[in-house]
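Engineer: Just dropping this structure here.
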Amino acid sequence: MLRSAAITKGTQRSPNRAMLRAVGFGDEDFNKPIIGIANGYSTITPCNIGLNDLARRSEEAARQAGAMPQMFGTITVSDGISMGTEGMKYSLVSREVIADSIETACNAQSMDGVLAIGGCDKNMPGAMIALARMNIPGVFVYGGTIKPGKLADRDLTVVSAFEAVGQHASGKINEEQLTAIEKNACPGAGSCGGMFTANTMSAAIETLGLSLPYSSTMAAEDEEKANSAARSAEVLVDAIKANICPLDLLTKNAFENAISVVMAVGGSTNAVLHLLAIARSAGVDLCIDDFERIRQRVPVICDLKPSGRYVTVDLHKAGGIPQVMKQLLDAGLLHGDCCNVEGKTLRELLKDVPSEPSAEQDVIHPLSKPVYAKGHLAILKGNLASEGCVAKISGIKTPVLTGPARVFESEEACLAAILNNKVKAGDVVVIRNEGPVGGPGMREMLAPTSAIVGADLGDKVALITDGRFSGGTYGLVVGHVAPEAAVGGMIGLVHEGDSITIDADQLLIQLNIENDELERRSSAWKKPQPRYQTGVLGKYARMVSSSSKGAVTDQP
């Protein structure tokens with residue numbers, strides 16, 4: 001029996017049916033599955049501006065496949081627009097709001113399945129958390145990647161604009177050049193074009209089996225993206241008939257596959273946070289140490305921005321995520337018996353994919369010639385991060401740095417110092433009280449890291465924070481430091497000028513002071529007053545878990 005029978009069957013449900021008749025149901029439609037289409041459409045960001053077209057195509061295809069689609073809206077936050085402002089504190093919060101809203105709408109109306117459509121970064125994990133919580137048949141449709149901007153012979157992304165700010169501040173480009181980059185960085189619809197957070201998470205979801213093969217790297221404006229959205233609706237109707245549910249797919253092995261692909265494509269640090277959160281909702285025992293274990297055996301084989309040369313549309317032309325997965329599968333680095341929403345195993349899905357990438361491209365490298373021999377997201381531990389932290393070590397020349405701490409209590413204070421040339425080579429920049437509780441909301445530090453790169457300090461300065469980093473960040477950056485400063489973590493005890501060691505080779509992050517002094521500082525520490533007492537940020541700060549556990553808000 002369909003779950004929607006709770007609102008469509010029996011004489012007692014006559015009032016319920018009366019409401020449904022008003023939105024287009026006829027007598028015969030009450031026997032059809034009701035599919036929710038969770039539409040993240042918004043004109044605030046290029047990431048989501050094209051979603052309405054995909055939603056309409058999905059709606060039409062679901063109806064033709066014998067279902068009754070019911071569309072409802074969910075929110076988005078544009079990280080690119082809110083970046084570097086107080087508004088960025090709402091970004092990670094929006095992941096929870098999206099998950100809560102999809103769960104609420106689907107469960108309140110007893111929907112039989114859900115097709116979630118999203119574009120910007122938090123849309124993907126928000127939808128996946130909801131699918132895992134509800135465990136009703138579901139499919140995710142990614143809005144698609146933006147095409148690269150062009151300026152002379154350069155491919156641009158939005159990160160080019162952030163880095164240009166630092167270049168302008170250090171006198172490397174003039175205002176006219178800055179404006180030219182600004183005007184050409186984002187040429188149309190789609191999510192930020194490198195292997196940043198949105199494209200990383202879409203690749204992870206394709207690997208997990210809850211979106212269709214090849215769909216995670218398609219360009220937003222190409223016809224194949226709309227066709228894939230329609231096909232996704234058809235697959236969802238079949239999944240309802242076959243009772244294929246998210247928890248059938250979201251196994252520990254599936255998460256290990258997703259981590260392997262994130263490493264192989266050089267994906268965002270945010271994947272650690274989001275995969276931990278999705279796994280928690282799915283009841284899967286995934287921990288931060290699993291990322292380090294997998295990193296040690298999976299190389300980076302894709303040469304993608306932010307630290308590489310190519311953008312996601314180039315990856316798609318080179319064979320997309322299936323080509324990446326085929327190499328990993330053949331090398332024994334993926335679990336081939338994991339299934340996708342079509343009911344096919346990974347091994348079945350990849351059987352016709354070439355074992356080696358085409359020699360006519362160099363976006364995807366063969367495993368024998370990786371971009372980096374090991375994964376790029378290292379989990380460091382030490383007295384500064386007893387629960388762990390995430391270091392992105394792709395594109396760095398110096399994996400070990402010991403230097404004096406430059407301590408900032410906010411992103412804004414740090415950015416001002418960088419733009420005023422007060423951060424020097426050899427410094428270890430510390431931005432604290434930006435964690436899940438302390439921020440609250442764990443802002444991304446793209447503005448400071450881009451300014452550092454723009455000032456030609458990317459391989460000379462380290463930056464550590466209890467906040468996050470954008471998927472567009474590269475250099476020696478360490479985020480998600482846990483415990484965070486606001487709950488008494490050691491990062492809150494660092495003084496200006498203290499010696500700090502970051503050793504990505506030894507997986508160490510260390511405050512180099514005597515234990516007696518550490519204990520003295522710890523005893524003197526007082527919990528700071530919350531920055532927000534009310535509203536969504538106040539509520540979030542009271543509920544959110546440590547970043548080492550995914551920064552979730554529905555922990556028991």
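The backbone N, Cα and C atoms fix where each Cβ goes, and this holds for glycine too.
The following feature annotations were taken from Swiss-Prot:
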- Ser470: active site, proton acceptor (ACT_SITE)
- Cys47, Cys120, Cys192: [2Fe-2S] cluster binding site (BINDING)
- Asp79, Asp121, Lys122, Glu444: Mg(2+) binding site (BINDING)
- Lys122: N6-carboxylysine (MOD_RES)
Engineer: At the level of the C-alpha atoms, what whole-angstrom distance separates Lys122 (Mg(2+) binding site) and Cys47 ([2Fe-2S] cluster binding site)?
Structural biologist: 11
Engineer: May I ask for the distance between Cys192 ([2Fe-2S] cluster binding site) and the residue listed as 'active site, proton acceptor', taken between their Cα atoms and rounded to an integer number of Å?
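Structural biologist: Given the Cα positions, Cys192 ([2Fe-2S] cluster binding site) is 11 Å from the residue listed as 'active site, proton acceptor'.
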Engineer: Which recorded positions are spatial neighbours of Cys120 ([2Fe-2S] cluster binding site) here, meaning Cα within 10 Å, out of Asp79, Glu444, Ser470?
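Structural biologist: For Cys120 ([2Fe-2S] cluster binding site), the recorded positions whose Cα atoms are within 10 Å come to Asp79.
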Engineer: Please report how many Å separate the Cα atom of Glu444 (Mg(2+) binding site) from that of Cys47 ([2Fe-2S] cluster binding site), as a whole number.
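Structural biologist: Here the two Cα atoms are 18 Å apart.
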Engineer: Relative to the Cβ of Ser470 (active site, proton acceptor), which residues of the same chain, six or more apart in sequence, are found under 8 Å away?
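Structural biologist: Set apart from Ser470 (active site, proton acceptor) by at least 6 residues yet with Cβ under 8 Å, we have Asp79, Met83, Val159, Phe196, Thr197, Ser268, Asn270, Glu444, Met445, Leu446, Thr449.
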Engineer: Helix, strand or coil: which one is Glu444 (Mg(2+) binding site) in, per DSSP?
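Structural biologist: Looking at the DSSP assignment, Glu444 (Mg(2+) binding site) belongs to a strand.
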Engineer: For the recorded [2Fe-2S] cluster site, enumerate neighbouring residues of the same chain (Cβ within 8 Å of the Cβ centroid of Cys47, Cys120, Cys192, site residues themselves excluded), in sequence order.
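Structural biologist: Going along the sequence, the neighbours come out as Thr45, Pro46, Asn48, Ser78, Asp79, Gly80, Gly119, Asp121, Ile146, Gly190, Ser191, Ala198.
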Engineer: Rounded to a whole number, how many Å is the Cα of Asp121 (Mg(2+) binding site) away from the Cα of Cys47 ([2Fe-2S] cluster binding site)?
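Structural biologist: With the alpha carbons as reference points, the distance is 9 Å.
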Engineer: Only counting partners 6 or more residues apart, tell me which same-chain residues put their Cβ under 8 Å from the Cβ of Cys47 ([2Fe-2S] cluster binding site).
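Structural biologist: Spatial neighbours, sequence-distant, of Cys47 ([2Fe-2S] cluster binding site): Thr76, Ser78, Gly80, Gly119, Cys120, Asp121, Asn123, Gly143, Ile146, Gly190, Ser191, Cys192, Ala198.
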Engineer: When you average the Cβ positions of Asp79, Asp121, Lys122, Glu444 for the Mg(2+) site, which other residues in that chain have a Cβ within 8 Å of that mean position?
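Structural biologist: Result: Val77, Ser91, Leu92, Cys120, Thr197, Ala198, Asn270, Ser470.
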Engineer: Going by DSSP, is Asp79 (Mg(2+) binding site) sitting in a helix, a strand, or coil?
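Structural biologist: Assignment for Asp79 (Mg(2+) binding site) reads helix.
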Engineer: List nothing but the one residue from Asp79, Asp121, Lys122, Cys192 whose Cβ has the fewest other Cβ atoms within 10 Å; the candidates are the binding-site residues.
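Structural biologist: Output over binding-site residues Asp79, Asp121, Lys122, Cys192: least Cβ neighbours within 10 Å is Lys122.
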